[in-house]
Amino acid sequence: MNGTVVRLTARGMLGGRRVWLLGALAVLLVGIAVLARVLVPVSDTEAATLLQGIAFATFLPLFGLIVGTGAIAPEIDDGSIVHLLAKPVSRHTIVQSKLAVALGATIAFAVLPTVLAAAVLGLGPGAVLAFGVGALAAGAVYSVLFLLLSILTRHAVIIGLVYALLWESLVGSFVPGARNLSVQQWALSVTESLAPDGLVTANVGLGLACALIVGGFAAATWYAGARLRVLTLTGED
Amino acid sequence: MATLQIDACSRWFGNVVAVNDVTMTVGPGITGLLGPNGAGKSTLIHMLGGFLPPSAGTVTLDGATIWKNQEVYRTIGIVTEREATYDFLTGKQFVRASAELHGLADPGAAAHRALETVAMTDAQDRKVGEYSKGMKQRVKMASALVHDPAVLLLDEPFNGMDPRQRLHLIELLRDMGAEGRTVLFSSHILEEVELLAHQIEVVVSGRHAASGDYREIRRLMIDRPHRYTITSSDNRSLASALVADGSTAGVSIDGDVLRVQASEFLRFAALLPRVARDADVRLLQVTPSDESLESVFSYLVESSSRASSRTSSRTPARATASPATRERS
């Protein structure tokens, strides 16, 4: 980790309009929970379904996309990344520093609101914790995946959106096998193991899910550094 | 003292060859990389700066491969042509961040020194995003100089500068060169390069077309066939008088105008008015028809490829000696 890279990334990512967008989304997430609670009596099962459908299926992938790409894609797009790359700093250090910022933003704007929403919906402390840990796992994996994607391609946002919308929401619902490769299912598996029995069901076993979360996170972090090392600037265009 | 070496280097993007078998050595002092837009100058600078691997050949700094070697940035400072910076930082913060990333012992002092060198201390507390193009260029320069590098690479540094900023940058680069640093800058303007560089490398269409000091390059550019379009009171008399002289390679009459190809520039310039007077012909208009830099460059390429077909070498045109031969494998 490099303090200067962390500072530059944080200012670049949260200094502009992005922070308002993130804040608005976080408020929206909690707002939906408040509305649901106020308007109708919510059972624990309904609360869990709501959190899964909104926080896990929609908000977390979306947040991961915004902060994961936001940590590096604009710099690659406008070429200002050269100011970081023309320095004797390990590319892995750069990636880790940027990832730390993305993770921090995910926790502040996605994981904490999820926890808050779970509490608002009247879930017990055990279930709230379970959703919090699950959200953290999902947020971390999404952040690093979209950060990696930004280094691999200039179309990271489009591809990321397609992944978040089509793969996680649609394919996963119709093709059972695809759920093994769904970050959402991995995270739900973690939540399932911590939550009171029967509240949440995941399609992926806990062992596999943990291995995929930890292994995927570590591998993607390493690979992002390796790819940043060979990032090329296009010639005259 | 640091030396950059480009050896039998090519770079292609898909089917497009941006740099074609270039070999050159850039040593201490100021070297100008001259060529028209799209000639491959930026590609070369990107390869020298470690932002692009060569498709073939090697690019090294004092023998060490530059690509994938972030340690070279302890020696290299680079200013790319693209303007983007961290617009949300002030000039001072931007340069200081560079100093920190270089791991300098006293980043604040180094940043101040670099900002002083480019005369930007007055504006250092304003946001980079509010700077003019020339000021951005200078603050980028400060950021590239902050670790006192032995090598400075600049891609089109004079673009967008007003005359005063241009003068200041020229002075600055001269000082850098005099201190024994290796300074390489690219430009498509001959006068700019001439003014500053003690060594000029001409690149055209990805090929290394010529190499030498500014006198040699200038001579190569002047000493070539020139074409003129002439209108006069009597084109036919003038044509016959011109053909009689050896410095005219070809004359043709094309409707109302006379097209002349001169084999020697200086001699023809002296000849034309004399011949016209002797033949009692009034010259109405004399227009050089290929004075654009493009055509000067393409002449250099043609002459270097003629040389290569003659000698089986692909060495650029050299004014100092007959082309050295390097056998093609």
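Even glycines carry a Cβ here, placed using N, Cα and C.
Owing to the predicted nature of the structure, the values given are computational and were not obtained by experimental measurement.
Positions annotated as transmembrane segment by TrEMBL: A:20-40 (among others).
Beyond the ends of the transmembrane segment (A:52-73), by six or more residues, the same chain brings 9, 13, 18, 21-22, 25, 29, 32, 81, 98-99, 101-102, 105-106, 109-110, 113-114, 117, 131, 134-135, 138-139, 141-147, 149-151, 154, 156-157, 160-161, 163-164, 168-169, 183-184, 187-188, 200 to within a C-beta distance below 8 angstroms of the stretch. Residues or ranges marked as transmembrane segment by TrEMBL: A:52-73 (among others).
The transmembrane segment annotation in TrEMBL covers A:99-121 (among others).
Residues 44, 48, 51, 55-56, 60-61, 63-65, 67-69, 71-72, 95, 98-99, 102-103, 106-107, 110-111, 114-115, 118-119, 156, 159-160, 183-184, 186-188, 190-196, 199-200, 213, 216-217, 220-221, 223-224, 227 of the same chain, all 6+ positions outside the transmembrane segment (A:127-149), place their C-beta atoms under 8 angstroms from a C-beta of that stretch. Under the heading transmembrane segment, TrEMBL lists A:127-149 (among others).
Sequence annotations record features per position, and here TrEMBL assigns transmembrane segment to A:156-178 (among others).
Annotated transmembrane segment per TrEMBL: A:198-224 (among others), in sequence order.
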Looking only at residues six or more beyond either end of the transmembrane segment (A:156-178), which have a C-beta under 8 A from one in the stretch?
57-58, 61-62, 64-65, 68-69, 73, 146, 149-150, 184-185, 203
Intrachain residues whose Cβ lies under 8 Å of the transmembrane segment (A:99-121), provided they are six or more past its termini:
1, 6, 9-10, 13-14, 22-23, 25-27, 29-30, 32-34, 36-37, 42, 47, 50-51, 54-55, 59-60, 63-64, 67-68, 70-71, 127-128, 131-132, 135-136, 139-140, 142-144, 147, 221, 224
